[in-house]
Amino acid sequence: FPPVTMFLLLVSGDASTVDHHTIEYEDGDTGETLLCALCPPGTYVSSPCTRIYDTVCLPCPKEHFTEVWNFLPNCLYCSNICEGTRVVKEQCSATRNRVCECKEGHYSQDHFCVPHTQCPPGMGAKSIGNTQRNTQCQKCPRGTFSAKTSSSAPCIKHTNCGNLHMLFPGRTWHDNICSSCANLANRGGLKALRDILPHFFSHQNIELSKLNRFVHSVRRRDQHTRQRKLLLNSITEWIAKAPAQHLMALPKRLQSMDLHSTAEKIQRMLMRLDKKVSECQSNLPEVSLSD
């Protein structure tokens, strides 16, 4: 092959090339200008044309391709490597390079695959991300909630308690918590408290040092960490197993640690729960919060 630019080797915008799939080629031996046939996609030029013979085209070998009519002496290598956060969307073929896309939960940004934004509790996915765009989060509107961290979960409506008692009204980060008097009689109030307290603590902006002190006081172990998530996990584990009287004493314990706002909020929760129990006692006198 005499030196030729890539522009001439590939299909050009010239009408004669596009319409007739030919190209002007100078024979290196005779210096004669010939009109050679281009090779179709998926093939390459094994031998250029001569005055006697037409262009000889051969199929691209494995892992190589040509996407357009061409006059290339070799097929192009399938150079796209899909690894890490990129997965194969289309395999390499004789007519196309391998096509990669971001794996699930990621999107393309500046040629990198970036994880979708995780909407925290209290916020839901307004639009769910895909391989090309990020998830957009929104604060849950009044009457809706999202209780988990997710890149795809939307805000959903609070449960309608109907004829049941609303033990705790829903917030943006938890649903309405409903119960019947019969359920309250079967320790339902205590269960509701155990269910809501972990979410409650995760939404309190408690200083890390005070959170460490609280965990140490209830778990009776030396655990000092700067990872809030680990501390909250410890609190959740304690709440699940703590005796009822320890849960009832939470406001007093928190007050002693100068966590007055948190203590007052839990005290109001306990008072509300007591009120609901009292409303049921006329019919179910055995109702109690305790184990």
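Cβ from N, Cα, C; glycine included.
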Bond partner of CYS100 - disulfide, per TrEMBL - picked from CYS82, CYS113, CYS119: CYS82
Disulphide partner cysteine [TrEMBL] for CYS75, chosen from CYS60, CYS92: CYS60
Other CB atoms within 10 A, centred on CYS60 (disulfide bond): 24
Segment-level pLDDT (mean, integer) for the domain 'TNFR-Cys' (59-100): 97
Disulfide-bonded residues: CYS75, CYS82, CYS100 - member with fewest neighbouring CB atoms within 10 Å: CYS82
Inter-residue Cα distance where the pair is CYS100 (disulfide bond) and CYS75 (disulfide bond), in Å: 20
Helix, strand and coil totals (DSSP H, G, I; E, B; other) for the domain 'TNFR-Cys' (59-100): 0 helix, 15 strand, 27 coil
